Amino acid sequence: MTTTKRPIALLILDGWGYRENTHMNAVYHANTPVLDRLNAQYAHGLISGSGLDVGLPDGQMGNSEVGHINLGSGRIVYQELTRISKAIADHEFEQNPALCDAVDAAVKTGGAVHIMGLLSPGGVHSHEEHIEAMCRMAVARGATKVYLHAFLDGRDTPPRSAKSSLSHFDDLFTTLGHGRIASIIGRYFAMDRDNRWDRVSQAYDLITQGKSKFQYDNAVTALEAAYSRDENDEFVSSSAITDANGQVATLQDGDALIFMNFRADRARQITRSFINPEFDGFARAVTPKVNFVTLTEYAADIKAPIAYPSDNLVNTLGEVLQNRGRTQLRISETEKYAHVTFFFNGGKEEPFNGEDRILINSPKVATYDLQPEMSSTELTDKLVAAIESTKYDVIICNYPNGDMVGHTGNFDAAVKACEAVDACIGRVVEALAKVGGECIITADHGNAEQMTDETTGQAHTAHTSELVPFVFVGRDATIDKGGKLSDVAPTILHLMGESIPAEMTGKPLIHVKE
């Protein structure tokens with residue numbers, strides 16, 4: 001006999017923050033009658049998704065990976081950015097066994113040390129201070145051929161802001177006496193996560209063969225040429241940088257290749273192209289045998305030395321639900337599927353017992369401002385069907401629109417994205433009401449509420465440190481102030497009448513009135 005469930009749904013509106021300033025605030029200017037009604041009718045508040053509250057440095061904007069780890073684990077999780085920066089400050093980084101072994105092996109055979117990653121102060125996928133520490137460490141250990149393959153940001157940073165980073169690293173290599181920037185390319189190509197292998201192949205060919213659309217003798221010159229082609233940092237075409245003799249750097253057998261991104265989701269595809277013998281995403285002209293090291297763990301099936309393996313998180317929400325015989329569903333589009341599964345489960349790839357997953361393909365468009373509704377209608381169709389099936393105790397759903405369209409910097413499109421999500425929420429709430437379910441609406445971090453940089457006047461494409469909404473569509477209740485993302489999992493267990501495990505240090509925010 002099938003037991004009928006009265007589900008609790010957690011709707012994560014990605015990139016949807018609250019900002020007092022209404023100028024170029026897509027969340028404010030969007031027509032959102034559903035959320036307006038829910039805020040008027042139900043208990044609601046604001047919670048924190050950034051800085052120390054999510055295990056990041058004070059003031060650091062939140063991001064989707066960090067947000068979902070905190071949401072799912074029910075505790076503040078010390079993030080890789082903080083962890084690695086601390087290791088550098090404590091001089092532990094320069095003794096890291098995985099990094100030292102790769103550098104030493106290359107030095108011993110006269111090989112090169114190639115360092116690749118997002119050259120950015122953004123702190124979301126990487127930090128340029130970590131890349132600098134790696135360059136310094138390689139030279140200190142005797143490497144004379146150090147090649148930096150710089151992926152440019154413009155998404156978690158202003159759209160045209162890479163010049164200062166490139167200039168700094170040119171100066172750094174001059175000071176060190178060895179090394180140089182060997183290539184630049186936008187993250188749009190090197191860090192795709194949606195199986196657009198034609199993009200990744202351009203980064204692969206650039207790093208392995210020095211094969212590129214453009215060639216320059218200086219990285220800043222290459223960047224300025226890209227700007228003259230109207231390419232912002234994120235979209236800079238593959239550009240090889242030649243040495244004094246006009247030669248490009250290539251990846252050879254025995255070289256070290258160290259990937260300095262600490263966030264997994266946009267690091268996986270290009271990593272697999274380098275290390276997977278059965279890789280078939282695109283035809284590889286060369287497959288050099290290199291000592292490949294990842295800064296953190298990108299996926300269980302990526303077999304490479306890891307400089308900083310993940311902490312093992314036990315008793316996350318998913319695991320607690322499994323252990324108590326509860327059923328759960330995770331559902332999102334491609335762009336945020338890893339977040340409601342891998343990251344929400346504390347870095348575990350395999351589903352828990354009783355955990356179903358539904359993946360909706362994100363639309364195949366160059367940038368999501370071209371289709372701001374993304375696949376939200378199809379996602380909601382599946383979500384409503386799952387609610388009405390009464391199979392699940394807990395449903396975790398992410399709507400990517402606010403974040404993915406917010407990143408384009410297109411204000412009008414971001415407004416449309418918010419309006420599309422609002423309409424979907426209306427359908428979800430209606431379906432939950434039919435089966436006696438309840439729902440929490442929140443976000444992982446801000447983005448769409450600030451679409452222009454008030455200082456520079458450029459489009460603001462990055463996340464924010466704003467508070468995010470927290471709405472309880474259910475029984476009459478009060479909501480505590482001062483909450484944070486790590487309070488959400490304990491809140492869900494509390495609403496279910498379940499005890500909260502000791503590992504969850506977050507506190508229930510919702511108190512139902514008797």
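Glycine is no exception: its Cβ is also placed from the backbone N, Cα and C atoms.
As given in Swiss-Prot:
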BINDING   ASP14, SER64, ASP444, HIS445  Mn(2+) 2 binding site
ACT_SITE  SER64  active site, phosphoserine intermediate
BINDING   HIS125, ARG155, ASP156, ARG187, ARG193, ARG263, ALA264, ASP265, ARG266, LYS336  substrate binding site
BINDING   ASP403, HIS407, HIS463  Mn(2+) 1 binding site
Candidate binding-site residues HIS125, ALA264, ASP403, pick with smallest Cα gap to ASP14 (Mn(2+) 2 binding site): ASP403
Rounded to the nearest Å - Cα separation of ARG193 (substrate binding site) and ASP444 (Mn(2+) 2 binding site): 19
Where SER64 (Mn(2+) 2 binding site) falls in three-state DSSP terms: helix
Output field, Mn(2+) 1 shell: CB within 8 Å of site CB centroid, site ASP403, HIS407, HIS463 dropped: ASP14, GLY15, ASN63, SER64, ARG155, ASP156, GLY402, MET404, GLY406, HIS445, ASN447, ALA448, THR461, ALA462
Neighbour count (Cβ, 10 Å) for HIS407 (Mn(2+) 1 binding site): 24
Cα proximity to HIS463 (Mn(2+) 1 binding site), best match among binding-site residues SER64, HIS125, ARG266: SER64
Nearest of the binding-site residues (SER64, ASP403, HIS407, ASP444, HIS445) to ASP156 (substrate binding site), judged by Cα-Cα distance: HIS407
Residues near ALA264 (substrate binding site) in space but at least six apart in sequence (CB under 8 A): GLU65, THR296, GLU297, TYR298, ALA299, ALA338, PHE342
Helix, strand or coil at ASP403 (Mn(2+) 1 binding site) [DSSP, three-state]: helix
Distance, ASP444 (Mn(2+) 2 binding site) to ASP403 (Mn(2+) 1 binding site) (CA atoms, angstrom): 10
